[in-house]
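J.: The CoA binding site annotation in TrEMBL covers ARG191, GLY192, GLY193, ARG194, THR309, SER523, ARG584. The Mg(2+) binding site annotation in TrEMBL covers VAL537, HIS539, VAL542. TrEMBL lists 23-80 with the feature domain 'Acetyl-coenzyme A synthetase N-terminal'. Annotated domain 'AMP-dependent synthetase/ligase' per TrEMBL: 82-469, in sequence order. Feature annotation from TrEMBL assigns domain 'AMP-binding enzyme C-terminal' to 531-609. Marked as N6-acetyllysine by TrEMBL: LYS609.
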Amino acid sequence: MSDTKYPPSAEFAANAHIDAAKYQEMYDASINDPAAFWGEHGKRIDWIKPFTKVKDVSFDLGSVAINWYSDGTLNVAANCIDRHLATRSDQTAIIWEPDSPDEDALHITYQQLHDNTCRMANVLKGLGVKRGDRVVLYLPMIPEAAYAMLACARIGAIHSIVFAGFSPDALGARVNGCDAKVVITADHAPRGGRATKLKDNVNQALLHDVDDVKCLVVKRTGGQIAWREGLDFWWHEEAAKVSAECPPEEMNAEDPLFILYTSGSTGQPKGVVHSSGGYLVYAAMTQELVFDYHPGDVFWCTADVGWVTGHSYIVYGPLANGATTIMFEGVPTYPDASRFWQVCEKHKVNQFYTAPTALRALMGQGNSFVEKCDLSDLKVLGTVGEPINPEAWTWYNEVVGKGKCPIVDTWWQTETGGHLMTPLPGATATKPGSCTTPFFGVQPVILDPTSGTEIHETEAEGVLCIKDSWPGQMRTVYGDHERFEKTYFSDYKGYYFTGDGCRRDADGYYWITGRVDDVINVSGHRMGTAEVESALVAHAQVAEAAVVGYPHDIKGQGIYAYVTLMNDVEPTDELRKELEKWVRTEIGPIAKPDLIQWAPGLPKTRSGKIMRRILRKIAEDDFGALGDTSTLADPSVVDELIENRMNRG
Ligand code: WT7
């Protein structure tokens, strides 16, 4: 961890929306009178019926309720499209950059975005989708993904995007979990020169579960697919039959905009529910201020719309601000490691936002891939998803940003809707590896993990909680408000518990130290160890499994699985490969264990609880710090596990 500070240049600060003095003044105002502050900033979006109430929030266990702008009405799609038409109908809203650089990019104007979104909305209505119904999107990164999101918002349907890398089983669980009426997908999804057969996956998922879900299919590659007569519809055929006008529904600020499934420390993924009004205000405000976005800038967030980053910073935030946003279908290393930088050059990107794992992978390929591209339009660089190591930060700063682009290390979560702690590029002196200071209205606190009391000293380390609400906060777990309360409000009463550990330094800067629960962060993606375990034990030859994270050079954390086989099953390399494949099919490639260790026994307490702390230490090669093993039912299993640990390479 480095304590070197990088202040914004005077020139950058002078042209920025927010400088250091303005940050302090606005931050103080946001904490002293949240209702006045957010009442003012709530006006940045268009309301059909203006709100009179700003904030109505309780974090009290048993009656957790989060309401913002609750008597206001609006339509999110109208905010992202229609309100810009008078001044920007011919401005590019979305630049679509395909997987292969040989295919042409598309420039979609706000008028075209309007027409295509309305058509998609009318098609969905024709398929029977009504206000409040759920629609699952399982799509490549193509413009139709944005049309579909906005079409749902336009008619008041709730979208739930499932990342196209998830398996049919995972997709099926999510379709059923929210009882979706329609799934929108594509024939095949090209990515990194390979194609995923999305429609086939949908067929498999739906066959397992509900058979009557209709499917709207976008023709992306023209590849072969199996068609379910009467249930499947081509998007291009249906679009030709409907009007390019569709009146936006008047929605309440608190009506759900979307559900997004995310992993937790226990059980199956939970459906995070975000609101319409507060979410949009927060996504739009953070996109503008955290990236210092100015009209005419070209903004590129490299995430996939299957994750919250894509929701807030490819679609809703930028479009609510009338921005030009890039949607990239491909991967950083295809056709080669200069792809990101070539796209930056080609589209004259001004703000670039990506994940540390991508930077580490590209850094390893050498500087020439960056240096051969003209990156002179870059103004601000962002990172998200996991702590960034100072080496990657420095490379980003020097090689990509040429020392002239502030780096915003944005800490947030699926649950928070938008950035909670981050530098503001014209205001905050950055430190490599620190997400620095809170955004407006955000009150981070560090609690002592055992006593649960707040540590008031500036220098502190403990668990990270947030003291009060912000408009972008999730509202509930879909269909399970009790789980919402239990997960986020029961361990530390009166606070929102983030699940992260954190250190605050002498300057009051925050440094995320990683998850304190059984969630691991693989390449910036969240994975519940319980999910991988339950996939493993679903295999007929597996008796028991325990999964932990371990440090991985590129991915941040890798997945380390301890597997106990059924009696009489021979542990072979073949079986190891089969289990890897098994997890890929059960969940998806991102959940595939990096290392599987055969474990004749797992360290358990006498009451049968697996002591993961010990398994974590073994996976980390940190045998000196195993702690007390005397409470184990059979302490000898630990020696066996150490002896046969997998080489991390
Ligand atoms: C978890 C949330 C929010 C979009 C991407 C991930 C970790 C996220 C940072 C950062 C250190 C970070 C935290 C958090 N995380 N951003 N800048 N520095 N850690 O969303 O899948 O909901 O995961 O990602 O551990 O709790 P997510």
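From the backbone N, Cα and C atoms, a Cβ is placed for every residue, glycine too.
Caution: TrEMBL annotation is automatic and unverified by curators.
Help me picture where these features are in the structure shown.
T.: Sequence-distant neighbours of ARG194 (CoA binding site) (same chain, six or more apart, CB under 8 Å from its CB) are absent.
Within its own chain, VAL537 (Mg(2+) binding site) has ALA543, GLU544, ALA545 as residues 6 or more apart in sequence whose C-beta sits under 8 angstroms from its own. Following the DSSP three-state reduction, the secondary structure of VAL537 (Mg(2+) binding site) is helix.
Per-residue confidence over the domain 'Acetyl-coenzyme A synthetase N-terminal' (23-80) averages out at a pLDDT of 98.
Look at LYS609 (N6-acetyllysine): DSSP puts it in coil. With a cut-off of 8 Å between CB atoms and residues at least 6 apart in sequence, the same chain places nothing near LYS609 (N6-acetyllysine).
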J.: When the Cβ positions of the binding-site residues ARG191, THR309, VAL542 are compared with the atoms of ligand 1, which fall under 6 Å?
T.: THR309
J.: Please give me the CB contact count at 10 A for GLY193 (CoA binding site), counting all chains in the structure.
T.: 11
J.: With DSSP assignments reduced to helix, strand and coil, which class does THR309 (CoA binding site) get?
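T.: In the DSSP reduction, THR309 (CoA binding site) maps to helix.
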J.: If one measures from the C-alpha of GLY193 (CoA binding site) to the C-alpha of HIS539 (Mg(2+) binding site), what distance in angstrom results, rounded to a whole number?
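T.: Cα-Cα, rounded: 32 Å.
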J.: Which of the binding-site residues listed here (ARG191, GLY192, THR309, SER523, ARG584) have a Cα atom within 10 Å of the Cα of VAL542 (Mg(2+) binding site)?
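T.: Those near VAL542 (Mg(2+) binding site) - Cα within 10 Å - do not exist; the answer is none.
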